[in-house]
Amino acid sequence: MSVTKDLKRITTETIRKMKFSGEKISMLTAYDFTIATLVDAAGTEIILVGDSAANVMAGHETTLPITLDQMIYHAQCVVRAAKRALVVVDLPFGTYQSDPQKALESAVRIMKESGAHAVKLEGGKEIEESIKRIINAGIPVMGHLGLTPQSIYQFGSYKVRAKDNSEAEQLISDAKLVEELGCFALVMEKIPADLAKKVTETIQIPTIGIGAGNSTDGQVLVVHDMLGLNNEFNPKFVRKYLQLEDQIKSAIENYVADVKSSDFPNENEQY
Ligand code: KIV
């Protein structure tokens with residue numbers, strides 16, 4: 001049974017209800033107005049303005065360099081486009097880990113200046129006070145556990161997380177904590193499918209997986225990955241629904257050739 005059909009605006013409450021109705025939650029990233037318009041119109045329930053913008057929009061190797069001002073800019077573009085989807089924005093690295101007051105101020109800036117509906121933070125126990133402070137101010141928070149790209153230099157690689165028992169136990173305990181603190185949903189990135197299933201069955205808030213198997217309550221992908229905009233990036237968990245890199249390159253090559261041969265513009269393409 002669909003709980004989202006005909007809804008004007010998806011809310012955190014809608015997302016919570018979807019877990020219990022069994023309707024899977026679809027989430028995709030977007031960082032600009034044009035793509036966000038398409039993602040929204042296609043029926044995606046959640047648009048994530050991910051700090052993966054640092055990689056796919058700005059060309060950085062990691063997500064660490066993106067700033068709060070830059071995230072707010074991307075969020076503003078997406079919010080203008082999203083007529084139905086819930087818009088969640090990543091708090092970027094360095095804006096919430098050091099101090100709960102700073103975390104709250106960062107989250108408030110995102111909500112006030114972009115008009116987004118929720119924020120996402122990476123981590124569990126270590127950022128407990130920051131999550132608490134933001135939720136106490138009435139701002140919905142989405143958690144993020146497993147592979148947390150802002151900690152890449154601590155992990156040393158983008159390999160699957162929580163394969164051993166102690167890390168798996170820690171993740172389960174962090175997931176329970178995130179639920180207790182009042183987060184409305186939890187992203188789990190690149191962890192074994194069995195562990196993601198166990199967490200999904202243990203906690204009452206919706207889980208959204210990326211590289212975490214099929215038992216989570218929803219799925220998220222980076223939109224550039226699922227559209228096939230980068231032939232060099234082929235992790236197992238990405239299903240490519242298009243091969244846009246090839247198509248765009250070939251379209252641009254055709255344009256260049258048409259300009260050079262004076263085929264473009266023709267008589268119908270001029271005033
Ligand atoms: O920044 C991002 O795109 C994310 C998703 C991978 C979940 O956090």
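Including glycine, each Cβ sits where the backbone N, Cα and C put it.
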Field: Per TrEMBL, Asp51, Glu122 bind Mg(2+); matching candidate in Asp90, Asp99, Asp164
entry: Asp90
Query: Listed binding-site residues are Asp51, Ser52, Glu122; which sit with C-beta under 6 angstroms of ligand 1?
result: Asp51, Ser52
Query: How many Å lie between the Cα of Asp51 (Mg(2+) binding site) and the Cα of Lys120 (3-methyl-2-oxobutanoate binding site)?
result: 10
- request: Filter the recorded positions Asp90, Glu122, Glu189 down to the ones within 10 angstroms of Ser52 (3-methyl-2-oxobutanoate binding site), Cα to Cα, kept in sequence order.
  value: Asp90
Message: By a 10 A CB contact count over all chains shown, which of the recorded positions listed here is most packed: Asp90, Glu189?
response: Asp90
Task: Please determine which of the binding-site residues listed here (Asp51, Glu122) has the lowest count of neighbouring CB atoms within 10 Å.
output: Glu122
- prompt: What same-chain residues, at least 6 away in sequence, bring their CB to under 8 Å of the CB of Lys120 (3-methyl-2-oxobutanoate binding site)?
  reply: Leu48, Gly50, Val88, Val89, Asp90, Leu91, Val141, Met142, Gly143, His144, Val187
